[in-house]
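Asks: Before I ask anything, here is the structure I am working with.
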Amino acid sequence: MASILLRSCRGRAPARLPPPPRYTVPRGSPGDPAHLSCASTLGLRNCLNVPFGCCTPIHPVYTSSRGDHLGCWALRPECLRIVSRAPWTSTSVGFVAVGPQCLPVRGWHSSRPVRDDSVVEKSLKSLKDKNKKLEEGGPVYSPPAEVVVKKSLGQRVLDELKHYYHGFRLLWIDTKIAARMLWRILNGHSLTRRERRQFLRICADLFRLVPFLVFVVVPFMEFLLPVAVKLFPNMLPSTFETQSLKEERLKKELRVKLELAKFLQDTIEEMALKNKAAKGSATKDFSVFFQKIRETGERPSNEEIMRFSKLFEDELTLDNLTRPQLVALCKLLELQSIGTNNFLRFQLTMRLRSIKADDKLIAEEGVDSLNVKELQAACRARGMRALGVTEDRLRGQLKQWLDLHLHQEIPTSLLILSRAMYLPDTLSPADQLKSTLQTLPEIVAKEAQVKVAEVEGEQVDNKAKLEATLQEEAAIQQEHREKELQKRSEVAKDFEPERVVAAPQRPGTEPQPEMPDTVLQSETLKDTAPVLEGLKEEEITKEEIDILSDACSKLQEQKKSLTKEKEELELLKEDVQDYSEDLQEIKKELSKTGEEKYVEESKASKRLTKRVQQMIGQIDGLISQLEMDQQAGKLAPANGMPTGENVISVAELINAMKQVKHIPESKLTSLAAALDENKDGKVNIDDLVKVIELVDKEDVHISTSQVAEIVATLEKEEKVEEKEKAKEKAEKEVAEVKS
């Protein structure tokens, strides 16, 4: 396993978060000075207050790790950036350390691909957790029983009118947003990750509000797919250039049907189950809980904090954090803090994925199997104190982290945010989470309120759903404006050197002749110190990622490979099977309390499931037809390349990229070297496509070294995923034997 060399701990800048609005700032929150947690300040924590913008130099630490899977802790070589600050000053509360500091800027790495759980999976986890606590006799959150006051007839009529009013408003706004996004897709524009998530939720809402749309929209879409491909050729990449018109038609039909089936399955997983016995208590409990935290100042119970903290998932939290909060988290995790908001979120997302995978691997081996240096590396990667503490303290805080993340299922983003606030160590984990939730924006609370209703199977409040949709749409529009401003600034920088403006002269004045500057030899100062310059890496832009995608598509066409389509179809079948198994497990869990008859799948979900199963059969037929035609020789030959061979040489990849569009030779060479991880001169096309799809979802520019890290990470993720699948298979076999 690769050893880890943390060359220096100097200058790890603690984070600065903005104070939360409209409520009192608790101790340890970003509004107040934070206590240092470095080793040299262990005895000064109660008497020296230092703001977040500085830190104390500490001794370098050299760490190593054992086992191949811990290699994801390996950090890339640092480049120190000097940030000029004001000198040390004294204030009424003590000394404020504001001086020059060295900020280590590192590249990021990621771990196993974490797919978001569907609403059904979240409901299943919630049910299993409740039943497990009931069996073990542990604490289960149970809201106090309240006397239900029967509403008057007029109040019930008014509430029903409001419900339908907000429902029709939601239907109209969802239709407008869906039509706009669909038009963008038809015209060849790609949706960002945030836009795709919004589009997915809107489609799920439309089918929930009007279940009959499944009979109208889905068959209509399938029928018009060939027409849409003809009218809007930009829907698919322009790489379907084959010698056989039949092959071109079949492959286009296969690609579009596969994407549509995957989208419909994602829509099914976004739909919630219906619980007829639900009384809307979960939504009300969450509103009361958040009101206690934000307004009244009343402390919720530990069960409430742990229960509702699970709703603030990493994606939801990171997408709605402000820029100062994103910068603070990047500094805490020693990531690059300069760049667009999308780039910062992308870095944080990849780092959180890495931490999630590491947590599972550490828990499998056991914290006691790690030595001191490995413990320091693990704690430092999670924003916890790593120096100046005992070995028992390191093991204790790492065990507490694993318990909160893996057993209590607290999202990693909340745990990292609590470390960024540098709260006192005497606070309990529940109090730390409470202080962290106070700093989250209001939009996160709206999204979580809708999520808790979906997980519990309650009727979603149309007003809350409407507010969450409008806030998310406003955030998407703000991202578009930021991208437009960034493009304009880049264009302005390109034209700036060409502008030469002459200095104006006063009328009637004669130009003065230029006099040579004479400087005495004794006054000339020479700096003999060598100039230190960081290594400049080749940056890959979004446009070049698209070029690389086109090149891969051409190579796949030349090799007549359907490996990608087959793999995606198998994943789709697994998703359908997992969804069906989750429904069966939910009924099994509910049978323990006799409530299985009250929970059922929505009508739209049932109809979409049948349609997806039909489309899977059609896709299987298309793939079989293409393979039979290739074997019979009816389609074009594979240009001398063996069919199904997906490994190409680096030279082939460079030539393919040259044919698509001109890119500098140096960048092509460095990019190809980054993709060739084991340096054998060969690259797997399918693995390359996975990397491109991962980066293409985000509108960010990355370096070639970061591309290499993604390639290595994806291979590591596959190994971890295989271990988990093998473990699940073994558990199922044991359960079948017992039954």
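Every residue number used here counts from 1 along the chain in the order it is shown.
Note that Cβ sites are derived from N, Cα and C of the backbone, with glycine treated the same way.
As listed in Swiss-Prot for this protein:
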- 1-115: transit peptide (TRANSIT)
- 116-208: topological domain 'Mitochondrial intermembrane' (TOPO_DOM)
- T192: phosphothreonine (MOD_RES)
- 252-537: domain 'Letm1 RBD' (DOMAIN)
- K597: N6-acetyllysine (MOD_RES)
- 663-698: domain 'EF-hand' (DOMAIN)
- D676, N678, D680, K682, D687: Ca(2+) binding site (BINDING)
- 718-739: region 'Disordered' (REGION)
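Give me the lay of the land around each of these features.
Replies: T192 (phosphothreonine): 17 other CB atoms within 10 A of its CB, across all protein chains.
Other Cβ atoms within 10 Å of the Cβ of K597 (N6-acetyllysine) number 11 in total over all chains.
Away from its own ends, the domain 'EF-hand' (663-698) comes close to residues 190, 192-193, 196, 342-343, 345-346, 537-538, 540, 542, 544-549, 552, 555-556, 559, 561, 563-564, 567, 646-651, 653-654, 657, 704-705, 707-708, 710-712, 714-715 of its chain (Cβ-Cβ under 8 Å, at least six residues beyond either end).
Other Cβ atoms within 10 Å of the Cβ of K682 (Ca(2+) binding site), summed over all protein chains shown, number 14.
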Asks: Over the domain 'EF-hand' (663-698), work out the mean pLDDT and round it to an integer.
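Replies: Computed over the domain 'EF-hand' (663-698), the mean pLDDT is 74 on the 0 to 100 scale.
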Asks: Under the DSSP assignment, what numbers of helix, strand and coil residues are found in the domain 'EF-hand' (663-698)?
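Replies: Tallying H, G and I as helix, E and B as strand, the rest coil: 23 helix, 3 strand, 10 coil.
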Asks: Roughly how many angstrom lie between the C-alpha atoms of D680 (Ca(2+) binding site) and K597 (N6-acetyllysine)?
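Replies: Computed Cα spacing between D680 (Ca(2+) binding site) and K597 (N6-acetyllysine) is 59 Å.
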Asks: Given a separation of at least six residues and a C-beta threshold under 8 Å, show me what packs close to D676 (Ca(2+) binding site) in the same chain.
Replies: V650, K682, V683
Asks: Around N678 (Ca(2+) binding site), which residues of its chain at least 6 apart sit with Cβ under 8 Å of its Cβ?
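Replies: Those within reach of N678 (Ca(2+) binding site), by Cβ under 8 Å and sequence separation of 6 or more, number none.
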Asks: Which ones in the same chain are close to D687 (Ca(2+) binding site), with CB under 8 Å and 6+ residues apart in sequence?
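Replies: Set apart from D687 (Ca(2+) binding site) by at least 6 residues yet with Cβ under 8 Å, we have V711, L714, E715.
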